[in-house]
Every structure is written in C-alpha cells, then in structure tokens.
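TrEMBL has this to say about the protein:
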type     : residues                       : note
ACT_SITE : Cys2                           : active site, for GATase activity
BINDING  : Asp98                          : L-glutamine binding site
BINDING  : Leu231, Val267, Ser341, Gly342 : ATP binding site
DOMAIN   : 2-185                          : domain 'Glutamine amidotransferase type-2'
SITE     : Glu343                         : site 'Important for beta-aspartyl-AMP intermediate formation'
Amino acid sequence: MCGILAVLGCSDSSQAKRVRVLELSRRLKHRGPDWSGLHQYGDNYLAHQRLAIVDPASGDQPLFNEDKTVVVTVNGEIYNHEELRKQLPNHTFRTGSDCDVIAHLYEEHGENFMDMLDGIFSFVLLDTRDNSFIVARDAIGVTSLYIGWGLDGSVWISSELKGLNDDCEHFESFPPGHLYSSKERAFRRWYNPPWFSEAIPSAPYDPLALRHAFEKAVVKRLMTDVPFGVLLSGGLDSSLVAAVTARYLAGTKAAKQWGTKLHSFCVGLEGAPDLKAAKEVAEYIGTVHHEFHYTVQDGIDAIEDVIYHIETYDVTTIRASIPMFLMSRKIKSLGVKMVISGEGSDEIFGGYLYFHKAPNKEEFHQETCRKIKALHKYDCLRANKSTFAWGLEARVPFLDKEFIRVAMNIDPECKMIKKEEGRIEKWALRRAFDDEEHPYLPKHILYRQKEQFSDGVGYGWIDGLKAHAEKHVTDRMMLNAANIFPFNTPTTKEAYHYRMIFERFFPQNSARLTVPGGPSVACSTAKAVEWDAAWSNNLDPSGRAALGVHASAYGNQVKAVEPEKIIPKMEVSPLGVAI
C-alpha cells in the first residue's frame with residue numbers, strides 16, 4: 001500500500017515541475033514512510049510513498065513490464081496475485097510484490113482486466129509506447145483516490161485531496177469501480193454486479209454459504225510480510241473478524257513468520273461499552289489484547305489534525321475518525337503495520353438501527369444498495385485515512401467482492417428485522433455464526449445490539465464534542481450559516497465548527513463538493529429518513545438518534561431491547577478454505 005500522485009500530460013518536463021511534483025508527493029508521506037520515488041517520462045510524472053506490506057525488500061515502485069514500456073504506480077493489495085502469475089507463464093516478474101501483475105495483465109488484456117483483480121487498489125498505468133494512460137479504483141472504494149484537471153490540459157491523480165487541490169482547476173473523488181482512459185477521456189464502470197441495479201434478489205438464505213464466504217474473505221487478507229493485528233470493538237462485526245482470524249491464523253504463511261498469537265486493539269473513554277465487550281471477546285478467543293484509553297479533551301485536541309487527514313466535514317465521519325486516528329498512532333508505535341477491521345457489514349446487512357423501521361423488503365434492500373454505493377464517502381474514507389495518517393493499513397473483509405456477491409444475493413426478507421421472531425439487526429449474519437458445537441463468540445456478544453463506533457467508544461464522547469462546538473460557534477453565527485456555506489449548509493453548531501476547519505485547509509469549491517450531505521438519522525440516507533415521521537425532528541447521525549430502537553436513545557425514551565429468542569442449533573460442514 002502507498003500514497004500515489006500522478007501528473008499526466010502537463011506539457012512541462014522542466015526540473016521546476018519535477019520539484020513541484022516531489023513537493024506535493026511529500027504531502028502524502030504519512031501514507032508510505034518506507035520508501036518514496038518519482039518516475040518521469042516526458043511530461044508525465046508518477047510518484048509514490050510506499051508502505052511495505054508484501055515483499056518489503058524488493059517491491060518498491062514504480063512497477064514495470066519486462067522492457068519498462070509500461071509503468072505502474074499503485075496503492076493496493078492484490079490477494080489473488082499468485083494465481084494470476086500462473087496465468088502469465090510467458091512473463092518475467094521483477095519483484096515479489098502482489099501488484100507486479102498489473103502491468104503484465106495490461107499487456108495481455110489491454111484495459112479489460114480489472115475484474116480479474118481480487119483485492120483493493122487505486123493505480124495509474126502509463127503506456128509509453130503511445131503515451132496513453134489508464135486510472136482505476138477498486139470496486140467499493142476501499143482505497144481513496146481523487147482526480148483533477150489543470151488549465152494546461154493535464155490530468156492529476158492523488159490518493160488524497162491535499163496532493164492536488166492547490167494545482168487543479170477542478171477536482172473530484174474518483175468513482176469506485178470505474179476506469180478512466182486517456183484515449184476516451186471518460187470514465188467507464190468496470191464493476192457491474194447484479195445488486196448495483198437495486199433489483200430485488202430472491203436466493204434463499206444459506207447460513208453456511210454465508211459463513212464460508214466470510215471466512216474465505218478473512219483468510220485471504222492474512223497475506224502479509226509484516227506484523228499485523230485486528231481492531232476489536234466488541235461489537236458483532238469486529239468480533240467476527242477477530243474470531244475468524246484467530247481460528248484460521250495457525251495454518252497461514254503469516255503465522256510462520258510472526259507466530260500464531262493474534263494481537264487485538266480497542267480504544268475508548270474510561271468505562272466505554274466497547275472496552276468491556278472487547279476485553280471479554282479477546283479473552284474468549286485468546287488474543288493478546290491492547291486497550292487504549294483517551295479523554296474527551298484528547299479527542300478535541302486532535303480535531304484539526306483529523307480533519308486535515310480525512311478531508312471531510314461530515315459529522316459522523318469525524319466523530320468516529322478521531323478515536324480511530326488516536327488508536328492508529330498507538331498501534332503503529334507497537335511496530336504493527338496492518339490491521340483487519342469490520343467496516344461494511346452494516347451497509348450489507350442493514351445493521352444500522354434505523355433499519356428497524358424499513359417498511360418492506362424492497363425498501364430495505366434498496367437502502368442497503370445505496371449505503372454500499374456511498375461507502376467510499378464515509379466508512380471507507382474513515383478507515384483508510386484515519387489509519388494511513390500514521391502509516392497503518394486497514395483491511396476490510398466484509399467488502400470482499402465475492403462475499404458481497406453472496407450476501408447481496410440473499411432474499412432481503414431474510415435480513416428484515418422482526419423482533420417478534422427474535423430477529424434483531426444483522427440477524428442473517430449472526431445466525432450464520434451461531435454454532436453451538438464450535439462457538440465463535442459468546443452468545444450475548446453475538447447478539448449484542450448495534451453500537452456505532454462513535455457511540456461505543458463512550459456516550460460522553462459525542463456529548464463532549466457538542467459541548468465543545470457550543471463554545472466556538474455562536475447563535476449569531478448560525479443565523480448566517482446558509483449565506484456563508486450555501487452548499488451543504490451546516491444545521492448544528494458541531495457541523496459548523498467542523499466546516500470552518502475544513503474550509504481553512506481546503507478552501508476550493510471542488511473540495512467542498514467532494515463531501516456528501518443531506519438529512520440523516522443514525523447514519524441513514526436522506527431517503528430512509530422518510531420511514532419515520534418523528535425522525536425529521538431528530539436529525540443526528542448517532543445511533544442514539546434512532547428513537548424507539550436504541551436501548552440508550554437520547555432522552556431514555558425506550559427500554560432495553562428484549563432478549564432474543566433461542567436460535568436453533570445449526571449443523572457444521574467443513575470450511576473448504578485453501579490456506
């Protein structure tokens with residue numbers, strides 16, 4: 001993984017331009033502290049800052065084909081690179097890097113090889129034979145990427161806004177699952193799964209198939225040549241990631257290098273719900289557990305650094321990014337360079353508490369589709385940039401292409417929340433791992449109510465952020481909010497405070513347009529707010545805004561969720577994962 005920056009067709013091959021590209025590339029140095037480089041071919045510049053995870057010794061970039069006529073700079077992990085190398089017997093590879101296959105696949109298939117890549121990636125490929133280039137981003141947008149255009153006719157590509165915002169006339173987020181070709185001067189979507197059309201699937205729910213797909217997704221992400229661990233909040237998603245990793249680690253190459261003892265990491269305020277649950281899970285699955293505490297003031301002190309790194313003014317993203325940012329620094333200090341995390345499950349299975357109010361399976365499914373499509377603006381952005389701020393890579397098995405295919409093909413009726421039948425949020429996922437003979441997790445953890453990360457680190461966290469904003473944004477300032485910020489006008493003092501900081505770092509109109517907006521309750525899309533009339537008066541992205549659902553909702557308006565009914569025993573079949 002690394003930070004990439006490319007300037008293509010700028011009509012300037014001077015030393016001054018090279019110095020400028022190097023200067024901008026250094027803005028991404030936090031993403032790749034292990035090595036940096038710049039390749040120039042005429043008026044094309046490909047720069048990178050490398051975080052070495054696979055083949056640290058020889059995998060420095062850029063990467064080339066045999067005669068160096070095809071040049072690639074890439075931020076990513078290609079999990080099936082060994083299989084792809086076998087499909088390219090007539091090619092000679094210069095390194096052991098998993099991304100070395102990209103240039104050679106291009107030689108064989110032209111621009112039509114993206115769907116062959118099983119992994120996460122953002123890359124720029126320059127073909128010096130005709131001075132053409134392609135740019136591509138992974139299916140969901142796990143890796144961050146931006147594209148910009150200069151007045152001189154140049155195209156700019158950067159892993160982060162800060163690499164191009166000062167030099168482009170216009171820039172925007174590079175759409176996930178797309179390819180940009182210099183020959184066509186246009187985007188083309190290469191990722192076309194059935195769920196993208198939002199048509200309602202009808203495949204029957206097969207808990208074992210779902211379980212096995214997730215286990216395979218986790219195991220393939222154990223491809224590493226450096227120390228790693230798991231993020232463990234004690235919620236369902238991170239606990240399943242940790243449990244599956246712990247169960248299958250012993251037979252992997254990673255275990256041979258770094259041992260079979262898995263390290264887990266958690267962060268929270270003193271007494272936070274996540275800390276207690278995470279410790280219990282860690283003891284149950286046998287990890288070496290690291291618990292990090294922070295105070296509300298620690299978080300407040302980090303607000304400006306976090307907004308600079310994550311490049312958004314979205315309230316819920318900032319709330320959750322701050323503790324993740326603080327934790328990532330601690331993890332990196334321990335010598336760990338990669339962690340596996342649980343992002344994506346809530347979008348796929350309708351795990352946010354507002355899904356309790358979904359009126360029917362059609363709207364339930366369509367909302368999950370909308371949420372997955374928007375992940376690159378929210379949780380993927382947070383997970384990628386909060387960790388990379390300290391040179392730490394986060395991998396997300398729930399967003400594995402094959403796992404998404406399996407999970408999004410299930411009849412959404414099986415995902416619907418029906419408390420009278422003992423089905424709480426993410427019931428289909430919980431049921432898949434409810435194994436009486438070989439349990440993955442304690443039953444009460446497996447059926448723990450959804451807790452958004454920004455809530456789970458401690459309920460006092462969000463309250464503290466709101467109180468801080470009250471001191472910095474006056475009622476008079478709020479009266480002019482629509483005039484000062486006509487796009488995505490902040491409606492709360494907290495949002496106004498974050499917006500002021502963001503605009504100071506990224507004052508361009510293009511920058512503010514990269515951030516999503518619209519009404520939301522408990523992380524819903526604007527469309528889902530319509531599901532409950534009461535929500536329009538309680539618009540807050542916290543899970544506790546889901547009045548009538550969350551056990552600790554604002555104002556204590558509801559009782560705790562009723563205990564779930566006993567889930568019937570499920571037969572176990574072999575996993576069938578090749579390790």
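A Cβ is built for glycine as well, from the same backbone N, Cα and C atoms used for every other residue.
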Which is it, of Cys2, Leu231, Val267: the one of these recorded positions whose Cβ has the most other Cβ atoms within 10 Å? Cys2
Integer average pLDDT (0 to 100) for the domain 'Glutamine amidotransferase type-2' (2-185): 92
Neighbourhood of Ser341 (ATP binding site) by C-beta distance under 8 A, where only residues 6 or more apart in the same chain count: Val230, Leu231, Ser238, Val241, Ala383, Ala394, Arg395, Val396
Cβ density check for Glu343 (site 'Important for beta-aspartyl-AMP intermediate formation'), other Cβ within 10 Å (all protein chains) comes to 26
If you draw a 10 Å sphere around the Cβ of Gly342 (ATP binding site), how many other Cβ atoms fall inside it, taking every protein chain shown into account? 24
If you measure between the CA atoms of Val267 (ATP binding site) and Asp98 (L-glutamine binding site) and round to the nearest Å, you get 32
Let me know the largest Cα to Cα distance in Å among the ATP-binding residues Leu231, Val267, Ser341, Gly342, as an integer. 15
Can you tell me how many other Cβ atoms are located within 10 Å of the Cβ belonging to Asp98 (L-glutamine binding site)? 25
At the Cα level, what's the spacing in Å between Glu343 (site 'Important for beta-aspartyl-AMP intermediate formation') and Cys2 (active site, for GATase activity), rounded? 20
Taking only the CA atoms, the spacing between Cys2 (active site, for GATase activity) and Asp98 (L-glutamine binding site), expressed in whole angstrom, is 13
